[in-house]
Amino acid sequence: MARNTRRTHNHRHHSHRIERPAAVIIGMMGAGKTRIGKESAHMLGLPFADADHVIEHRIHMSIPDYFAEHGEPAFREVERDIVCSYLKHFRGIFALGGGAPMTPAIQDALKEYKQHGGKVVYLMAHPEEAMERANRGGGRPMLHGDANARWRKLFVERDPTYTKLANVIVRTHSMSPIRAAERMIDVINERIVHVTGEGIEDYDVQIGEGALAQLPHVLGSGPVRVALIHTTSVRRHSDHARTLLRQAGYDVLDIVIPDAEMGKTIEVANGIWERLGNEGFTRSDAIVGIGGGACTDLAGFVAATWMRGVHYVNCPTSLLAMVDASTGGKTGINTPQGKNLVGSFYTPAGVLADLQTLTTLPNDIFIEGLGEVVKSGYIGDPEILNILRDHAEELRNFDGASFLGSDLEPVVAELIERTVRVKARHVSADLREAGLREFLNYGHTFGHAIEQLEHFRWRHGNAVAVGMVYAAELSRLTGFVDTAFVDDMIELLESLGLPTTWHHRSFDDVLAVMHRDKKARGNTLRFVVVDEIGHATRLVDPPADAVEDAFRFVQD
Ligand SMILES: NC(=O)c1ccc[n+]([C@@H]2O[C@H](COP(=O)([O-])OP(=O)(O)OC[C@H]3O[C@@H](n4cnc5c(N)ncnc54)[C@H](O)[C@@H]3O)[C@@H](O)[C@H]2O)c1
Ligand SMILES: Nc1ncnc2c1ncn2[C@@H]1O[C@H](COP(=O)(O)OP(=O)(O)O)[C@@H](O)[C@H]1O
Ligand SMILES: O=C(O)C1=C[C@@H](OP(=O)(O)O)[C@@H](O)[C@H](O)C1
């Protein structure tokens, strides 16, 4: 996102309507919450509010005087009321006092803020730097006496709470205020999709340039060892992840697996289980998968099965993995009998979709990922289709080498966020695909048949594109949509460089595979179709002639 030039803001705290802060900064005294918060707000053209200053304005005295006159409990009550109000009615950057996150009511308010996509930023300075700054000018009632000893004691008490409450961390060790503010802006520009729901341990999908920097924070302090599972094609990115992990103090097991579908096998999984056993990998250790969807599927499967489940973080590096494979908890491997036949529903502790990894993604792999983006537009977010139409040519000509900083970057970030939101909505309501989640399979019944009959030479997203045209024609033949719907879909897919036809001789082959689709019930075919853009429904046991006629329609 282009950084805003300086603009003045006559900001008022609007107490009557919901507008949440762009970011909330927490951290120790002297971390720079006020200085960096103000600097980054200025650079973004946003208002800034410092909770301590708002409180002093409200109590008409300094905080030290209020502490002396009324005591800390009374202060914490005033602080609680003001912070909880600002979390709903202030749209700028909001810096909290060091002690605020320790108040239960404020913790609850911060959790609700995050569930609405809010960013709680733990601003971490080097302790020596923070203590030196905190002691400037005195006036910090919590540091009376041996200030540094008090600071260290408070740090031990508060760091675990800060770490738990924050969904992003910004480390400013020896950074200038401007550089620290720029890091803050990168984090503020990141997009976060919060995934929650029955059977799901809440996690965030973080989308943005540099998101990998959050890897230590997402893993937390529990693991000693981290198994980093990746393919050689993403070596540049796995090297970066390994460096981040080692700098954060983790013992990294580097595990390279075969590329693409060759990595999604029981033999590969078994080799990793052997390695983990030999290395004494415990249940408190963690798995990180960095790569395309095949790699994150395999990594998730290993995480789901090692000691019946260890934490794992997905770091998707292809568009399809970012918008689909890495989120939702489907993990698995292929077997000689078919694709994804063995696996587990096992959700990650977090997903970091770092746009920097797209700089090495081949154009054809980017385009096939658009297949799942188009699908999500049709089943759940028509605005996705508008964005795709408006930027079709740039998207079709995607070039990783010139992607970062280009006009396409915010467009792709928006498409990724919107597509992940569509998936998260379905997964949150139906983790184990008993109902709503089936709609994510739009275009997949015929699409999987293509993959199977082409012996997986066709890329998934390309097969889904043809599968959607098949489903659209089938829904036209059965009265759900008109010819314009089908024509518009074909035009959009072709404008993006996606296939809309497939050459195969035998309908019987296709029918036999479709009857083995997981959505089939007994001898009854069940399709997901779209009856209006943005809304999916089911078509059960369609007339046999329509099923065949739609096949003829997508033949080239
Ligand atoms: N679990 C789920 O919910 C889910 C959903 C959709 C798809 N999938 C699975 O995901 C897989 C498809 O994912 P995919 O399209 O990412 O395929 P993929 O993992 O095979 O990656 C495609 C190719 O691009 C390369 N690549 C990936 N990122 C790269 C990068 N940044 N730079 C350079 N090369 C890169 C890979 O090495 C590979 O050669 C399939 O196995 C499919 O079953 C799973
Ligand atoms: N990255 C930085 N580099 C240099 N000085 C800094 C930096 N961050 C903060 N400061 C200075 O340190 C002091 C304390 O910063 P402040 O933002 O008030 O900390 P906090 O609000 O976290 O307690 C201020 O004088 C501020 O200008
Ligand atoms: O998370 C899910 O439910 C999905 C899993 C995959 O389908 P399959 O389960 O048919 O492989 C994927 O291709 C589809 O986009 C959504």
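The backbone N, Cα and C atoms fix where each Cβ goes, glycine too.
Values in this document were obtained by computation on a predicted structure and should not be read as measured data.
Taken from TrEMBL, the feature ATP binding site covers Gly30, Ala31, Gly32, Lys33, Thr34, Arg35, Arg140. Taken residue by residue with DSSP, Gly30 (ATP binding site) is part of neither helix nor strand, so it is coil. If you take the C-beta of Gly30 (ATP binding site) and look for same-chain residues 6 or more apart in sequence within under 8 angstroms, you find Ala125, Glu129, Ala130, Met131, Glu132, Arg133, Ala134, Asn135, Arg136, Trp151.
Annotation source TrEMBL lists Mg(2+) binding site at Thr34. The number of other CB atoms found within 10 A of the CB of Thr34 (ATP binding site), across every protein chain shown, is 17.
Residues or ranges marked as substrate binding site in TrEMBL: Asp52, Arg76, Gly98, Arg158. The Cβ of Arg76 (substrate binding site) lies under 8 Å from the Cβ of Gly99, Thr103, each on the same chain and at least six residues away in sequence. Taken residue by residue with DSSP, Arg76 (substrate binding site) is part of a helix.
Here TrEMBL flags 259-264, 293-297, 317-318, Lys330, Lys339, 357-360 as NAD(+) binding site. In the structure as shown, the Cβ atom of Thr296 (NAD(+) binding site) sits within 10 Å of 31 other Cβ atoms. The DSSP secondary structure for Thr296 (NAD(+) binding site) is helix.
Under the three-state DSSP scheme, His460 (Zn(2+) binding site) falls in the helix class. Here TrEMBL flags Glu372, His444, His460 as Zn(2+) binding site.
Per-residue confidence over the domain '3-dehydroquinate synthase N-terminal' (255-366) averages out at a pLDDT of 96. Annotation source TrEMBL lists domain '3-dehydroquinate synthase N-terminal' at 255-366.
According to TrEMBL, the feature domain '3-dehydroquinate synthase C-terminal' maps to 369-520.
The closest partner of Met262 (NAD(+) binding site) among the binding-site residues, by CA position, is His444; the full candidate set was Lys33, Gly98, His444. DSSP assigns Gly98 (substrate binding site) to coil in the three-state reduction, placing it in neither a helix nor a strand. The 6 Å Cβ screen around ligand 1 retains nothing from the binding-site residues Gly30, Thr34, Asp52, Arg158, His444. The distance from the Cα of Thr360 (NAD(+) binding site) to the Cα of His460 (Zn(2+) binding site) comes to 19 Å. A gap of 15 Å separates the Cα atoms of Asp259 (NAD(+) binding site) and His460 (Zn(2+) binding site). Secondary structure from DSSP puts Thr357 (NAD(+) binding site) in a helix. Secondary structure of the domain '3-dehydroquinate synthase N-terminal' (255-366) per DSSP, as helix, strand and coil residue counts: 50 helix, 33 strand, 29 coil.
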